[in-house]
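In what follows, a structure is listed as structure tokens, so that the remarks can point back to it.
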Amino acid sequence: MTPIVFIDRDGTLIEEPPDFQIDAYEKLRLVNGVIPALLKLRDAGYHFVIVTNQDGLGSPAYPQASFDGPNALMLQIFSSQGIVFRDVLIDRSWPTDNAPTRKPGIGLMVAYLQDRDIDWARSAMVGDRPTDLQFAENLNIRGFQLRTPQFGGDWDWDGIAHTLADAPRRAVVQRHTKETTIRVEIDLDGAPQARITTGLPFFDHMLEQIAKHAGISLQISAVGDLHIDEHHTIEDTGLALGQAVRQALGDKRGIGRYGFDPPQLPWQVSGAAAHGGFTLPMDETQASAVLDFSGRPYCVFEGTFVRERVGDMPTELVPHFFRSLCDASGMNLHLSVHGDNDHHKVEACFKALARALRQALQRHGHVLPSTKGAL
């Protein structure tokens, strides 16, 4: 789905003159900061639509020809810098006409309101007047009023671009079944912290490792049918956590996508490290994790356990948790472990996964890390 920034023209893209009509070339001046802001938003995946009231356009008071020249030059300037507008919607009525197509009315938006490919949750309206904020409210999207001497406002273009393009990646997932009730709250850019309660203290401890070593904020509350078995609680927690990660990532623009170790020198390669994954030692144990947020879930787990359980967590559910996590997050994970102590082996698996996650989740600009155009 595509987010759209709906943008007023006069006073927002171009400076508004005292007579409120840009009907001559010498009146055309861009608003400060608009081009770098739109480039940042473009790279973050936004499309742009101009929505403007042009009082009496086409009448003797405002001839069409007087409008067309400066408007065409404005569009050409933006296009020359890589900024293309998906549409230009113009209302030509007078304020006294009370036309439904005139902002803050949304009569011009009928086709967009019927478009199911628009990401309305991320879309926004930018303008210089209170009526632009009312227009945003009527569309149920976020509104930004640019700061101007004529109408006030609190925002500049740099702040708007930062707020929309660098928005925190957060998600809240609530999963209810006859067997479990689980709530996961995640902030991929928050300070590393964890509040975990699943009724299984050792499992809680392992989930805390993910938050700590992935560098994320994570809250999980799980109530399951532990009087029957641990299976449902551990499996459904993996599914809910994976769903939360997937939602928080959004369209995945700018992420590292892959989690792996830097290249190793030949004499540093041994054992599980030869797989090229994020390799982590824990005393006699070594675990390796490589992952890809490809959108194609696949989990390969290599390792065995001697004990039936570590603490209150059955060891047979360790690989099952990771498979559930992959299924719900759309992640491809290869995880291997070898060692002698089963406690060390389980903990090393969770830590290796977390460190690979840290690398894959990091943002590097706003480019989508795929030649397909979608992940």
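Cβ from N, Cα, C; glycine included.
Taken straight from Swiss-Prot:
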type     : residues            : note
REGION   : 1-168               : region 'Histidinol-phosphatase'
BINDING  : Asp8, Asp10, Asp128 : Mg(2+) binding site
ACT_SITE : Asp8                : active site, nucleophile
ACT_SITE : Asp10               : active site, proton donor
REGION   : 169-375             : region 'Imidazoleglycerol-phosphate dehydratase'
Which same-chain residues, if any, lie at least 6 apart from Asp128 (Mg(2+) binding site) yet have Cβ under 8 Å of it: Asp8, Asp10, Gly11, Thr12, Glu16, Gln145, Leu146, Thr148, Gln150, Phe151, Gly153
Cβ neighbour count (within 10 Å, all chains shown) around Asp10 (Mg(2+) binding site): 20
Collapsed DSSP category at Asp10 (Mg(2+) binding site): strand
Shell list (Mg(2+); ref centroid = CB of Asp8, Asp10, Asp128; cutoff 8 A): Arg9, Gly11, Thr12, Leu13, Glu16, Thr52, Gly127, Arg129, Asp132, Leu146
C-beta crowding around Asp8 (Mg(2+) binding site), within 10 angstroms: 23
Integer mean pLDDT for the region 'Imidazoleglycerol-phosphate dehydratase' (169-375): 89
